[in-house]
């Protein structure tokens, strides 16, 4: 056995020399002894192509390209040992999950870590690392003993505990595998054991190419190959000059030199004959002087500058998308103008999770065939999600999110239904489940579900309509479609006594759902749409899931396992599934990660994402062991994978290999902002290249072509799909500013689209948006009548909504749009409860001919409990009875009603006003309803304003009878005359108008009532700040102040004293008014004269008539109001409908000026002519 090294810098022809030797040997002796060509896994396909790609060698049996793992498979097939089942990454994770669950109580560190994302990936990686470095469970145990004996600090104790846990888990893992299964590292260990018995390898010519380091396990394989083979050639990327002096860890080729010495040591131990090392000094790869200079002087300090013509380009981009589009345009140019093939080009990157989706999308748009050398997770495939969410439903008590994740995979749908119809029905079904809070036992109970449209607390709920019955039947039918297969799965899993029976339950679940047929439908549909990558996904995922179940059964089939552990193990396995990469076609751009890629025969390389922290990478202390812990183990003589510090030192070699891949052109780029617009920095690596090549001018890549030259803009004309967006951009520019100079070629591009039979329809649809104006066209009279009827009947809040935004009114009352109902307690529900509770108490007092003042504190508490218990079953589908949390909330609401009752009691004691009616309807029909406020509009349409008044109070004195309105609010509110002027606050004055106009309801025939005011009563249970020694009476007084009613009252001192008989001078604690010593009102008093109330009444009528006329004439302008920090859009549900956008010319807020009450009153007078 002899050993020969072939060394040389990148591009010196090491691989070419080896391949030519093999090809010459095959040409001369095609049937000689075996030639093994060992390369890293990523290089096998392209090396095989290179080996048999010459004119002389079209095929070969004698020479084979292997990775170490593929060689293991080949040898085990020959000499035996491959009968043990292979366990893949998913199987490893499942087995480790099972071991963790059984070992939990005995672990020190990893007891709770199993629930962290990525834990099993790290744990599996740690065990694989142990194996690669020939560390057995007994070695790990010895490590623990040594560490435990010398642990004095908390950090040392933590490491000892961690090693103890790892030893237990590793030992259990190995015991589970022994004699039955092989993981990837076991194959290599078996290869070491079986190589001496292989006739295939005996006396083989062995080439090892493309490596710059070997793990101890790989070195052991090399040792065995030295014993079996006839001759071994190993290529290493290293400069011969490096051996002339001692190397240190900062040298570019430090790692390679270490590898060279390790292999030589193995050769010495095996007494292998050392042949003369072949040192290659030429650079045949580089056809570009600049790239040759970059390779030759990459590590030079200071940087050797190159002033000649360069084939290196450096770009910064506005964002990631602009960067990738710039790459795509240049690739198309190289292919079109410089005779490149797509296979001549590679795109290299590091942070693939940020780039892969963008690359797939944009390269498809630019018609660039490409291959991404990266495995994709199966986690998001419908089949994997269906199984995972079904198991989560069972383990998580049928939670809403798990149920509808499962539903949205569409694998629960019956096979023969129309998907479009079923999707719509399932959307309705989801809305029902959200509205009724369906989860848990509601899914599995035998009782059918009920459906009732929402009714107020005053409406009866006994009679079911035909519409409700139909919806009920539909909801129960859909319920069975969803729950039946999952309940069957649940029952089978609970009955199962072994893992095999549990896996069988999952298999039957999928078979009974006709999943194979449904996946076949998806595959056919993907093929028909030309998406062949995703078409193969559907075949792969079924096969992988079946393999997963088989592996589970093979490993643990006869074991008993709790349902929760089974679900955890199964979920862990599902999360580890990955799609296999389809080998690239003969002409595709290769997209690869710089850490794992091994490229050859590349003419142009695009390095993208060269940002600070990425190239070179910022070390991340991930994995089971930290750098400090690895250093401790290294000091104890334990060799493991490099620390992040060592990895960082190797970064320069990784980057060196990256920039020396191409023979002709190198492009380096980075975005200056991420997807969220945050600033990114160019890397120090880019700056280094710029220093080496001063003549290279950094260019900026943008998606906005307006500031570019004509030549640069022409480069943006690529595929029709992509160019259409740039035509849009340019026509927007032309629309605003016109074209200047020689940019009128865009009209030629435009003409292509509008005259092309293939693109005319799509371009018309896209380009029509150029003249889009987000305006709502006025409705015709006919459409307005259809939507609103021949007679307008609406509440005051509807009229206020129109003045806030006419389009929001149209969406809610014309189109009848509404948010979907969610099973939760919102502010309107709480407000409704408060109103109903106070009404019930007040009705009881009226029936008993008592007032609030007659109630004791104990009665207030008793009544608050009584009414809440009565209302709770009727509110929002019994939401207050649905959970312990809502039961607690019910108690808090009862306390608010209790507090409010106490305050109303105090108000009643201090007031000459008494409630005479509650929840007074007007325009609602029925004997108890007051008539509506009626209008005949100028266009002849009749309009009625209707509503319900919370409370009407009456007081009498020698000057007459007075009526006032009290409105209960669950938030603080005051009457702002500016809002009255703009028609945004009409409710209270309307109510006052209605009761004054219908005063006979509460008075003797012929008597006239005067307006006393309108007041808001804030229902709440306030907190107050008091001194530590405050008495209970003082605290109650402070609380009472928090209930001061705001609004507008009659500017009559006697009437104000009727509202607060304790008021002589100063501010009232009950209403927002105060008196000076001379009997006049204080400046802060919110008062109006009787004449002003009359003016306000006229103005409200005038405003309603204006609103009614606009509604009937079809005004639906997208014109939300804005006043100060208030805006109609703030809480609007219809923004996604109207698409209001301030950047559009037609979309601007209707800005309203805030005014003092006196100024607003003056404007109101002007409007009504007084």
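Here the Cβ of each residue, glycine as well, is placed from N, Cα and C on the backbone.
What Swiss-Prot records for 1-343 is domain 'UvrD-like helicase ATP-binding'.
Remark: residue 11 (ATP binding site) has 283, 284, 285, 286, 292, 295, 660, 663 as non-local neighbours, by Cβ distance under 8 Å and separation of at least 6 in sequence. Swiss-Prot lists 8, 9, 10, 11, 12, 13, 14, 15 with the feature ATP binding site, giving sequence analysis as the kind of evidence.
What Swiss-Prot records for 281-587 is domain 'UvrD-like helicase C-terminal'. Averaged over the domain 'UvrD-like helicase C-terminal' (281-587), the predicted model has a pLDDT of 88.
Non-local contacts of residue 1129 ([4Fe-4S] cluster binding site) by the CB criterion (under 8 A, 6+ apart in sequence, same chain) comprise 805, 1120, 1135, 1140. As annotated by Swiss-Prot, [4Fe-4S] cluster binding site applies to 805, 1129, 1132, 1138.
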Those residues of the chain, 6+ apart, with a Cβ under 8 Å from that of residue 1138 ([4Fe-4S] cluster binding site): 774, 776, 807, 808, 811, 1118
CB contacts for residue 14 (ATP binding site) [other CB atoms within 10 A, all chains]: 23
Binding-site residues listed as 10, 805, least Cβ neighbours within 10 Å: 10
Distance [Cα-Cα, Å, rounded] between residue 8 (ATP binding site) and residue 1132 ([4Fe-4S] cluster binding site): 69
Structural state of residue 1132 ([4Fe-4S] cluster binding site), classified by DSSP into three states: coil
Reduced DSSP assignment, residue 9 (ATP binding site): coil
Cβ-centroid neighbours of [4Fe-4S] cluster site 805, 1129, 1132, 1138, 8 Å, sequence order: 804, 807, 808, 1118, 1120, 1128, 1134, 1135, 1140
Cβ neighbour count within 10 Å of residue 12 (ATP binding site): 24
Residues near residue 9 (ATP binding site) in space but at least six apart in sequence (CB under 8 A): 237, 238, 239, 280, 283, 295, 296, 660
Position of peak Cβ density within 10 Å, selected from the binding-site residues 8, 13: 8
